[in-house]
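> One structure follows; several queries about it will come next.
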Amino acid sequence: MAPTNKAERKAVVDVAAWMFNVVTSVGVIIVNKALMATYGFSYATTLTGLHFATTTLVTAALRWFGFIQSSHLPLSELLKFILFANFSIVGMNVSLMWNSVGFYQIAKLSMIPVSCFLEVVMDKIRYSRDTKLSIAVVLLGVGVCTVTDLSVNTQGFIAALIAVWSTSLQQYYVLHLQRRYNLSSFNLLGHTAPAQAGTLLLLGPFLDYWLTNKRVDAYNYNLVSLMFIILSCTIAVGTNLSQFICIGRFTAVSFQVLGHMKTILVLIMGFFFFGKEGLNLHVVLGMIIAVAGMIWYGNASSKPGGKERRSLSLPTSRQQKHASFSDSNGHDGNV
């Protein structure tokens, strides 16, 4: 009975963590869309730096009050993580500027096979046929929803390539660091958020000026826009935390696959809040395909053999069997 209760508790926590990520992620996207589209605050990299600065303040306060225990992360590991994370943020922004929306979405979808590749190579993960097919169905569904045109150019392709690999490596590294150094989500955020905030706030204004030809210090700040910026930063704390929680509890691939539910919710919320383009039959069909693929993935990956680490102890097992056989022969001879 105890294992059942333990399994049920894990399932409840998993669902709660996932819902936390979905709500905060969709919330921050909607707020940012309103901030940029309605109030003209188009400084995405600087805004991300403000998100991490707010996260830094929250984690520092929690550590001050004793809710987060002190932990250690080697500087070399921190620098690698910051490199991947910042290249991910900058790469995505540049990719969106240089590529069509359709190719940008295709690049985002390609993170799933890249994350699969990393898990296969680095963690020796093996996927069942059903798990692979379910991922393909999710990719197809989200592609139908979001991909319009596929025009591509050389510099855009390079930017997308950097964005995809750096994002996949950053998400893989979240799980790697949590497991290797026994770090909680808040512990890891406490180490990474200050460094990301510092680098993004330092480089963000210059990058945003390059992307938009607008200076962040020349923006016409008012009470409403400041309230939206503060709201965005507040929700982003939950988004940053929930991302680390979800990757720590699941894997980068599961986070990517199920994460496309947020893409669908953003499309629906965008229709209700902004009334653009609407939910035509083409988009609704893609949503149905994607949701079916996500349900299939959840079922297939949870089955025995659906997604598991390949055993590297087969020779040892054979040796043990051989040893047992030899011992048995020895015992027979003694008798």
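Each residue, glycine too, has its Cβ placed from N, Cα and C.
This is the feature table in TrEMBL:
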- 12-31: transmembrane segment (TRANSMEM)
- 23-297: domain 'Sugar phosphate transporter' (DOMAIN)
- 43-66: transmembrane segment (TRANSMEM)
- 78-96: transmembrane segment (TRANSMEM)
- 133-150: transmembrane segment (TRANSMEM)
- 156-174: transmembrane segment (TRANSMEM)
- 186-207: transmembrane segment (TRANSMEM)
- 219-241: transmembrane segment (TRANSMEM)
- 253-275: transmembrane segment (TRANSMEM)
- 281-300: transmembrane segment (TRANSMEM)
- 306-335: region 'Disordered' (REGION)
- 313-328: compositional bias 'Polar residues' (COMPBIAS)
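What's the neighbourhood like for each of these?
For the transmembrane segment (219-241), same-chain residues at least 6 beyond its ends with a Cβ under 8 Å from one of its own Cβ atoms are 20-21, 23-25, 27-28, 31-32, 34-35, 39-41, 43, 47, 50-55, 58, 185-186, 189, 193.
Non-local neighbours of the transmembrane segment (281-300) in the same chain are 128, 130-131, 133-146, 254, 257-258, 260-261, 263-264, 267, 306; each lies 6+ residues outside the stretch with a CB under 8 Å from one of its CB atoms.
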> Please give the sequence-distant neighbours of the transmembrane segment (156-174): residues at least 6 beyond its ends with Cβ less than 8 Å from one of its Cβ atoms.
80-81, 83-85, 87-88, 91-92, 94-95, 98-100, 103-104, 107-108, 110-111, 114-115, 118-119, 122, 188, 243-244, 247-248, 252, 255-256
> Quick one: find which recorded stretch in 12-31, 78-96, 186-207 has the most Cβ pairs under 8 Å with the transmembrane segment (43-66).
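Between the candidates 12-31, 78-96, 186-207, the best contact partner of the transmembrane segment (43-66) is 186-207.
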> Which residues of the same chain, at least 6 past either end of the transmembrane segment (78-96), have a Cβ under 8 Å from a Cβ in it?
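Hits for the transmembrane segment (78-96): 44-45, 48, 104, 107, 156, 159-160, 162-164, 166-167, 169-170, 173-174, 177, 191-192, 195-196, 199-200, 203, 207, 211.
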